[in-house]
Amino acid sequence: MSYDASAIRVLKGLEGVRHRPAMYIGGTGVEGYHHLFKEILDNAVDEALAGYATEILVRLNEDGSLTVEDNGRGIPVDLMPEEGKPAVEVIYTTLHSGGKFEQGAYKVSGGLHGVGASVVNALSEWTVVEVFREGKHHRIAFSRGEVTEPLRVVGEAPRGKTGTRVTFKPDPEIFGNLRFDPSKIRARLREVAYLVAGLKLVFQDRQHGKEEVFLDKGGVASFAKALAEGEDLLYEKPFLIRGTHGEVEVEVGFLHTQGYNAEILTYANMIPTRDGGTHLTAFKSAYSRALNQYAKKAGLNKEKGPQPTGDDLLEGLYAVVSVKLPNPQFEGQTKGKLLNPEAGTAVGQVVYERLLEILEENPRIAKAVYEKALRAAQAREAARKARELVRRQNPLESDELPGKLADCQTENPEEAELFIVEGDSAGGSAKQGRDRRFQAILPLRGKILNVEKAGLSKALKNAEVRAMVSAIGVGIGGDGEAHFDLEGLRYHKIIIMTDADVDGSHIRTLLLTFFYRYMRPLIERGHVYIAQPPLYRLQVGKKVEYLYSDEELQARLKELEGKHYEVQRFKGLGEMNPEQLWETTMNPEKRVLKRVELQDALEASELFEKLMGQEVAPRREFIEEHARYAELDI
């Protein structure tokens, strides 16, 4: 094929967005789909941050479309002389356009690249924008980025009404049969309500006939307390740090618990920065410096014994760090990591100075926090030997792998799969049925320790936990911690394979709790999966098929009315012979795997605490609330 001018294609307008959507929204799966909603919501939130909007309505419509409406100023509708088009049309049809580029329009905004509105428009089957401004109701419509109805006045605006209403339906040509998930919408609205204290957000779910209002006046301090819900608190009232350095506004809410977990959520201009950035690094550093400085001055620092590290000082801390700044620089369009050095400088200075004041004003709390860090240092030292199990010269060649691990032959972690299997009998079938070239099997005996109730040192004394830590090879902890190293990951797919009954569900929950609390980066990077073993074996004549749910079975039996068939229900993995287990659950060509994803850290943390934590009352409430949805297998 010749490579000349004829081979070069220029993508015009928004065609490039439709051609390569992942460049703009990170992918065309569930996350990318909901990213469209977040982009339009961000625009409405920007109006609130600028002081012009006090209420945002989000409506999930019966046809699957979504409406976002604010009571701000309304997108400008006058002509742009250089474009010869109304401003609202330019914003929705041109990349890198919008008020965010004009210094006076928005002091702070989350819409960094000026592509949000136009990208949503390009990736939607249709979009309708209505503007209420200067007493008039304006409307313009689009389809897949092209204008289908030019801007026109469709009537008078209700008296005093201003703002923008955007309704859009993501394009099935891009996203297939995906739909909006109300829980994801709810989670983001709740997040925004905490981050913009006093902003009223209303969610109308027309598909399920529900309406919810999110409004919080406590801001990030309330957010931190919600994050720690269900934990035993070291003190009741969360602290709030607020300050400005240069053009950067800093807000931090924090609270200490008696538990072993730490949770720090970070935001820049209301955008969740899942991968942290300069503000997170500066917060951790300033927090540690202030605590150490106070401890030294107050004589709390004992020279004997292990000294607290940064991780020890953070143990039990629940914090929310929010910065607002002009011209934020993020890594990638999906805004996962903040890069601005001035954000780090501001957070470092504001947090260090104000935290020292808080510690000096609250000596009893300061002493309790530092003594907890000293205990964490002692526990870390006690766990050091256990951690040595997972330090390897070569992650794929080690004499310290657990004896019951049936390892695979490949030395390429990207090809390797680890099946964590419930019970020795199922483990035996899995070992015989697997493809030993790339599949490893680790059978677990009985139920593993509930790490939500146990500390790290106790967890590392548990044989099943130690076997998993040793086999997986990354250590324990989070990104950037000395004892956690993703480079050591021996298997890029870690597959939890348990029975489809109540006991299996419990073991699966215990394992997920372990991964969430002590190996969360594996979940965040998509390495943890749940196998879906079949519930039924259906034989019609000589033909055998496997069914994975009661609904699937009922639908199939309806088709077979009047015919002779045999149905076998699998109560556990051990009932399947090695060939059946391979064919139904392990064969990459035929199996069904569910990837474990972490969309909302606050919701996940609360759920694990409710299900697996010390407090009985929240667990009882959860069970009573969800009992009507349960399927009993008695």
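All residue numbers here begin at 1 and follow the chain in the order shown.
Placement of Cβ uses the backbone N, Cα and C atoms for every residue, glycine included.
For 1-220, the entry in Swiss-Prot reads region 'ATPase domain', with the evidence type a curator's inference. If you look up Swiss-Prot, you'll see 221-390 marked as region 'Transducer domain', on the strength of a curator's inference. Per Swiss-Prot, the feature domain 'Toprim' maps to 416-534. For Glu422, Asp499, the entry in Swiss-Prot reads Mg(2+) 1 binding site, with the evidence type sequence analysis. Residues or ranges marked as site 'Interaction with DNA' in Swiss-Prot (evidence: sequence analysis): Lys447, Asn450. Annotated Mg(2+) 2 binding site per Swiss-Prot: Asp499, Asp501, in sequence order, evidence recorded as sequence analysis.
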### binding-site residues (Glu422, Asp501), the one with most neighbouring Cβ atoms at 10 Å
Glu422
### Summary
Quick note, Asp501 (Mg(2+) 2 binding site) and Asn450 (site 'Interaction with DNA'): C-alpha atoms separated, nearest Å, by 19
### Query
So, in DSSP terms, is Asp501 (Mg(2+) 2 binding site) helix, strand, or coil?
coil
## Note on the structure
Across the domain 'Toprim' (416-534) the predicted model averages a pLDDT of 82
### Query
Looking only at the domain 'Toprim' (416-534), what are its DSSP counts of helix, strand and coil residues?
49 helix, 23 strand, 47 coil
#### Entry: Pairwise Cα distance for Asp499 (Mg(2+) 1 binding site)/Asn450 (site 'Interaction with DNA') [Å, integer]
19
### Task
Would you mind reading off the Cα separation of Asn450 (site 'Interaction with DNA') from Glu422 (Mg(2+) 1 binding site), to the nearest angstrom?
15
### Task
Note down the number of other Cβ atoms within 10 Å of the Cβ of Asp499 (Mg(2+) 1 binding site), including every protein chain shown.
22
